[in-house]
Amino acid sequence: MSDWAAYGTLEFLDERGSLSGISAVLTPRETKLLNGASFRGTIKGLATNQLEEIGCQIILGNTYHLALRPTSELIDEMGGLHKFMNWPRALLTDSGGFQMVSLLHLADITEKGVTFQSPVDGKPMLLTPEESIQIQNRIGADIIMALDDVVKTTITGPRIEEAMYRTLRWMDRCIAAHQRPHEQNLFGIVQGGLDPVLSYAIGGLAGGESKDSFWRVVAQCTAALPEDKPRYVMGVGYPLDIVVCSALGADMYDCVYPTRTARFGTALVPEGVLKLKHKAMADDTRPIDPTCACMGVLKLKHKAMADDTRPIDPTCACMVCRNYTRAYIHCLVTKDAMGSQLLSYHNLYYMMKIVILAYWLIMSSRNHYDPEFGISCVNHQDINRHGLVCDTYSRLSSLCLKRLVVLQILYFPKGDVPEWVCNAMEVAGIDISSCCAPLSLSQD
Amino acid sequence: MKFTVKAWSNGRARAGVLQLGSCPGPIETPSLLISTRKGLPFFIPPDLLPSLPSPDSHLLQVCPLHFAEGISPKAISSIGGLHHMLGLHDYGLAAVARDSIQCLPECNSTNKLGASFETPCGRLLIKPADYMEMICSLRPNIWATLADEVPSWVADKRNKTSVDRSVRWLDECIALGPAGGAVFGAIVGGSSMEERQRCAQEVARRNVSGFWIGGFGLGENMDERPALLNSVTDILPKEKPRLICGLGLPEEVLQGVASGVDLFDSVYICHLTLRGFALTFPLDGIGVNESDCQLGDNGSDRTKINLRATVYRKDTSPIIKSCGCYTCQNHTRAYINHLLNVHEMLAQILLEIHNTHHYLGFFRAIREAVKAGRFEQFRQQFVKSRRDHLAMAAVAHA
Ligand SMILES: [Zn+2]
Ligand SMILES: [Zn+2]
């Protein structure tokens with residue numbers, strides 16, 4: 001356990017597939033794959049050294065979009081994706097299969113591969129497991145993904161079983177086709193819908209399933225997978241989901257949520273929902289729906305924000321919260337490019353904080369760490385890089401630390417923690433009973 | 001605010017030093033005011049602003065009309081004014097009623113009560129009292145008085161009204177104005193030499209710290225501009241700074257400097273950036289630039305390159321090899337070309353950084369030429385070199 005560290009990360013290609021549109025890959029555990037590299041890169045509307053400030057570690061590149069523009073051949077010719085976008089830290093690419101199935105209605109999956117209509121000329125094209133690996137070999141990310149047979153999680157019956165076995169057969173073909181095994185790490189995909197008998201659906205959780213079946217699937221996968229390999233839960237976006245998955249033993253996540261929601265003027269905050277354009281919500285920073293997993297959202301489009309001279313999140317130490325008021329960001333959001341830039345910055349910073357707090361929650365709870373000891377043993381450099389933890393918590397007494405960590409992550413001031421969260425935490429062996437009762441916490 | 005003229009060149013061109021309480025050091029003039037949208041650059045994030053040359057980049061122009069919607073003067077006041085609201089404590093902020101991009105004077109709807117502007121929030125009639133409420137809440141380092149700007153083609157009578165109103169509003173603004181902040185009196189007069197002179201004389205008599213020269217970049221002929229400019233600056237007291245809006249192209253800036261203008265706004269950078277262009281003209285004003293443009297770049301004229309062009313698809317060089325800006329130090333033309341192709345905002349961020357950096361370098365070259373007493377030579381060389389490039393480009397693309 002000593003090699004655990006709080007590493008969070010970033011973002012991805014957006015739906016149009018630009019290099020800097022992105023979805024966050026967050027990892028509460030340092031792994032060999034995500035270790036080391038120094039900083040530089042890009043996210044939607046953010047420049048390299050801003051990512052450095054935020055503490056981003058790994059960027060997830062979208063194979064399908066990159067293959068369309070600028071093409072994997074060009075990236076190869078430019079010396080690989082790291083060099084092309086000037087990002088010396090970790091990169092990850094997906095197989096491209098998911099986008100084909102989700103973006104292109106006419107995709108047809110056979111034993112050979114995924115047949116889809118070319119978005120360029122409408123001709124049928126075939127993506128085989130071998131081709132997916134070839135493309136990813138050319139792009140040159142540190143982590144690449146095997147092509148999987150994607151099925152909707154809402155589907156039941158023999159198709160699920162077929163997908164699971166086909167995904168396994170394709171994985172063998174991917175391993176055989178992999179040309180750069182010493183430079184690029186191939187991740188297998190655990191697929192199989194939500195049927196608990198077949199389970200292992202870390203790759204198929206794209207929404208639609210209930211929260212309760214979602215966490216059970218993740219728990220089953222992580223329990224069955226080898227301890228020493230990182231587990232990446234694809235397509236998990238909300239802060240609470242990430243906390244729960246981390247507690248269950250997952251290591252990496254990706255999501256477009258922080259930057260996408262920023263574009264619509266919504267900020268992630270610990271204590272509620274803030275949409276800065278709406279009038280009726282005024283100064284109400286409570287969650288719209290306390291049981292909603294999208295906890296901690298500030299809608300900066302809200303009209304009442306026009307006179308709100310507080311920062312987005314008074315407990316946040318990010319560049320945006322140190323300098324800007326809700327009122328100013330309210331007048332920028334959804335109108336000016338700078339609005340989404342500043343909100344994206346805060347939202348990503350917030351996601352990083354969530355990952356770090358998740359790590360602390362796990363450390364202090366699962367390993368029965370004395371919270372004070374927990375602080376001193378966490379690599380100080382890491383914490384300083386994420387400054388926020390020091391800034392926010394160094395002044396608080398260590399006694400209330402754990403409680404606060406739990407509260408910050410699972411912000412349910414009335415103690416109404418959703419049942420699925422309680423159940424998941426129980427399975428994870430994390431005691432959150434202290435936050436399941438109403439509590440007023442006074443900070444010094 | 002403190003302003004000192006340090007050197008003169010070829011009669012009217014001058015180099016000076018502007019000191020503002022909030023700036024880290026004295027700012028040399030002629031100087032560029034960075035255009036902003038609601039106080040921040042269009043795309044350059046506030047934490048990347050310090051990567052631009054300092055203190056050259058520490059002057060920003062702010063348009064109070066940008067805050068006509070979305071945030072109230074009361075809220076701005078309670079935040080503590082512009083510097084606090086923008087988190088730009090060590091920057092000099094100059095407020096001018098219009099920007100030169102989105103908020104433009106609409107002289108037909110202007111009446112005796114106030115000036116009319118076309119803005120993204122629709123047409124607004126701004127009375128001196130409204131304007132001063134904005135200025136008092138914003139608390140900029142420098143503010144120009146409200147003016148009735150007219151385009152060059154209006155009749156003499158309208159032009160005369162514009163001067164009368166602008167002078168009256170100047171008095172009203174000063175009477176309503178805050179104690180802090182340097183007042184720049186607005187000078188208008190369209191394309192009438194007499195009205196320009198009359199306005200300049202009236203304003204020069206007032207208790208102002210500097211002058212804002214309005215009514216340019218509104219349809220006047222580039223050839224008639226020098227005489228109009230000179231007729232104004234010749235009347236103005238030499239020891240006070242002059243700010244002008246609406247002159248954006250390098251040649252136009254050089255016209256302004258030649259007439260003794262000290263401060264300029266920068267619409268040009270914004271227009272280039274939005275269209276995917278990067279400035280590449282040589283900063284010494286002579287010789288062929290190392291960053292040779294590629295054949296097939298139809299937008300290029302050797303003073304700027306069009307990074308959308310497919311010839312840059314595999315170009316692994318920075319925009320300019322010797323450029324020290326954040327963009328050129330970190331990214332290639334190929335990457336920016338890709339970002340433009342996929343409509344990614346990072347392209348505009350990187351281009352605005354480079355173009356601003358480059359234009360600040362252009363202003364530095366101008367200052368050096370003025371200080372060396374060879375401004376006219378610099379200007380002629382620069383204009384000729386760029387004209388040759390533009391002509392060559394026109395032939396090449398014909
Ligand atoms: Zn923040
Ligand atoms: Zn540059």
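Including glycine, each Cβ sits where the backbone N, Cα and C put it.
TrEMBL: automatically predicted annotations, no manual curation.
Here's what TrEMBL has on this protein:
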BINDING   B:CYS323, B:CYS325, B:CYS328, B:HIS354  Zn(2+) binding site
DOMAIN    B:12-386  domain 'tRNA-guanine(15) transglycosylase-like'
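Listed in chain order, the extra residues whose Cβ falls within 8 Å of the Cβ center of the Zn(2+) site residues B:CYS323, B:CYS325, B:CYS328, B:HIS354 are B:PRO318, B:ILE319, B:ILE320, B:GLY324, B:TYR326, B:THR327, B:GLN329, B:ILE353, B:HIS357, B:HIS358. Around the Cβ of B:CYS325 (Zn(2+) binding site), the number of neighbouring Cβ atoms within 10 Å comes to 22. With the fewest other C-beta atoms within 10 Å around its C-beta, B:CYS323 stands out among the binding-site residues B:CYS323, B:CYS328. Less than 8 angstroms from the CB of B:HIS354 (Zn(2+) binding site) sit B:ALA278, B:LEU279, B:ILE319, B:ILE320, B:CYS323, B:CYS325, B:THR327, B:CYS328, each of them six or more residues away in the same chain. For the domain 'tRNA-guanine(15) transglycosylase-like' (B:12-386), the mean pLDDT of the prediction comes to 92.
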